[in-house]
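What TrEMBL says about this one:
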COMPBIAS  38-50  compositional bias 'Basic and acidic residues'
COMPBIAS  121-134  compositional bias 'Basic and acidic residues'
REGION    1-50  region 'Disordered'
REGION    121-147  region 'Disordered'
REPEAT    72-97  repeat 'RPEL'
REPEAT    117-142  repeat 'RPEL'
Amino acid sequence: MADTAIDTAAEPIEQPIDETPLSPISARKNSLQHALARRPDEKDLKDRNILHHGAPSIQKTQAELEKQMAQDALKRNLANRPTKEELLQKHILPENSNVAPALQAAQRELEKQMREDALREKLAHRPKPEEVIEKGILAPEEDPTKV
C-alpha cells in the first residue's frame, strides 16, 4: 500500500502557472503619470498659500511680520473709524436705531410706503391750476397748462 501512495506523488500534476507580477509596475507608473499631470503648478500653490515665497529659513519670520503688519493696519483703521455721531450726520446709520437690525429694512420699507401714500393723497386733493389762478396764488401768465 505504501508503494501506491509514493507512485501518485511522483507523477507531475498539470496546473496553470500564474505569471502575473506581484506588484504591477506599469499600472503604478500610469497612475503616477496621471497624478503628476493633474498636479497644480507652483504659481497656483503659492496663490493658495500652500507653497510659500522666500527661503525656508526666513519663512517663519516673514509670516510673523505679515501678521504684525495686518494687526497694525487693523488698529490704524479702527483708530480712524468715524464716530456714531458722524455716521448719523452723514445718514449712514438710521437715526432711530432702537429697532433690531433684522427689522430695520422692513421699517425703512414701511416708512417709504407711508411717505408714498401721503404724497398720493396730497396729489389727489391738489387744487386745479384754474382754482389757484382764481385765488390769486398764481398770475394768469404763470398758468402751467399753457406751456
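Glycine is no exception: its Cβ is also placed from the backbone N, Cα and C atoms.
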Distal contacts, the repeat 'RPEL' (72-97) - CB-CB under 8 A, six or more residues away: 104, 108
Confidence summary for the repeat 'RPEL' (117-142), mean pLDDT rounded: 92
